[in-house]
Amino acid sequence: MTVDDSLSPAGVATPHSSGIRVVVVGLGIAGLTTAIECHRKGHTVIALEKSPVIRVLGDSLGLGSNATNVLEKWADGKILQQLKSLADDISIFEALDSAGKLYAKDDAKGFGADNGMIINRGSLATTLHEYAKMLEIDIRFGAAVTGHWEDESAAGVIINGEQRLVADCVIGCDGIHSKTREAVLTKEPTAVPSGQAVFRASFDSTSVCNDPNARWILAEKGVRDRLSQYMAEGGLALSLATGKRGQNITWQLWHEDNHNANELWSEHNSAKLENALGMIRHWPIYSKVVPILRHTPKEALTDFKLVNRAALPTWISHAGRIIIIGDAAHPVLPIVGQGGGQGIEDAATVAICLQLAGKTHISLALQAVERLRYARTSIIQSSGPKIYAGVRNPDWKAIEKDPSLIMLPRPKWIFGYDVPRDVYEQFPLVKRAIEEGSSYTPKNIPPGGRYEFLHDFKE
């Protein structure tokens, strides 16, 4: 009996062999990964992006080992190695008070160079785009989706109010302010401001090298990177890090939202460095860190509003041929470090479910995606406010006794997850549950289905 090697976690199908035509809307990290994963599983992809070029806004993001486990299967590992060459080499996380006293030090397991990565968003998006082009995926820029449609046999979009595209399904990866979500939900979900915002910036370290008062941060340049988090009461915290072994400086200042922050990376106009510095001017460590922060280029700084969103009632349209994934379905607060990773997990899941269900069962495939992903992403999404609450007013005496109280949780069920293997193993069970109308409990969630502060992931 011949075994189809494409029906395996690392398997690659013959291009266009499934007969399934997919429209991917939005080419952020989730959208680019979806386009690539769908191509690898034999689907014909049309990928649409309203911007004229790949957007490179934003600073760094973390991809845990659960995300890089997907990327490592591309081109025999070459793409992941290319990304790692562009990534930061953060091997130490430090937690300090506003005077600079060190209370906790942690390795970067889950995000370290051996498995995950911390990488500039622009570098990641550009590399994924180049790989998608190499695969000859149909990518169309300047293609704003102005409408959606579906019936029992097909689905599609209207581009720029004129062109009508026909496909078997539409996958909306168009982010927090998703247009595709309008085709799924009868009303836009309520976004609840968290009361917090974060100044964010990333820039080249060259000018810092020449500043005797600032270059202390580059003491390990060429060797490794380090992330130091200075924390005070009231949720005020400064994260200061080097990147690419000292080639870059990245910093974030978490603070109370003064209503000047914006939830769009493209909005830099209201972000003023002096406003950020004024918030920490009373810190004992101020005179040490301010020389570094003053090198921030005006165009590199943004003040990003943090918004809480509850899990959506569904990700799938009424006729079952349009689905939203990634930030369009389950945006995650940045403190969790899983926004990009969960989008990548979604991408792998939807590509495999379409492959296993086949062209005549598109609706079943998308239902399977939701059943496999919904509980996991909802639990991870809910962890953001909990993690933030844990560091908002640090109890330094308790932390001195138990440093894990202040460190980012690294649960094994998140970081040790192998999404391709799980989807191939679980799809028959999910399919049966859908066909029988019975319940299905995914295997990718923690016992009890609740988020807990765990540090049980081991590399």
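Placed from the backbone N, Cα and C atoms, the Cβ positions cover glycine too.
Annotated in Swiss-Prot:
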- E49, G62, R121, D327, G340: FAD binding site (BINDING)
- R200: active site (ACT_SITE)
- Y230: active site (ACT_SITE)
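Other Cβ atoms within 10 Å of the Cβ of E49 (FAD binding site), summed over all protein chains shown, number 25. Annotated pair G340 (FAD binding site) and Y230 (active site), C-alpha to C-alpha distance, rounded: 25 Å. Counting other C-beta atoms within 10 Å of each candidate's C-beta, the recorded positions R121, R200 are led by R200. Around the Cβ of D327 (FAD binding site), a 10 Å sphere holds 24 further Cβ atoms from the protein chains shown.
Residue environment of G340 (FAD binding site) contains 24 other Cβ atoms, counted within 10 Å of its Cβ in all protein chains. Across the fold, the C-alpha of G62 (FAD binding site) and the C-alpha of Y230 (active site) stand 19 Å from each other. The CA atom of Y230 (active site) is located 24 Å away from the CA atom of R121 (FAD binding site). In three-state terms derived from DSSP, R121 (FAD binding site) belongs to a helical segment. Considering only the residues assigned to FAD binding, E49, G62, R121, D327, G340, the longest pairwise Cα distance works out to 23 Å. Separating the Cα atoms of E49 (FAD binding site) and R200 (active site) is a whole-number distance of 25 Å.
Under the three-state DSSP scheme, G62 (FAD binding site) falls in the strand class. In this structure the C-alpha atoms belonging to R121 (FAD binding site) and R200 (active site) are separated by 13 Å.
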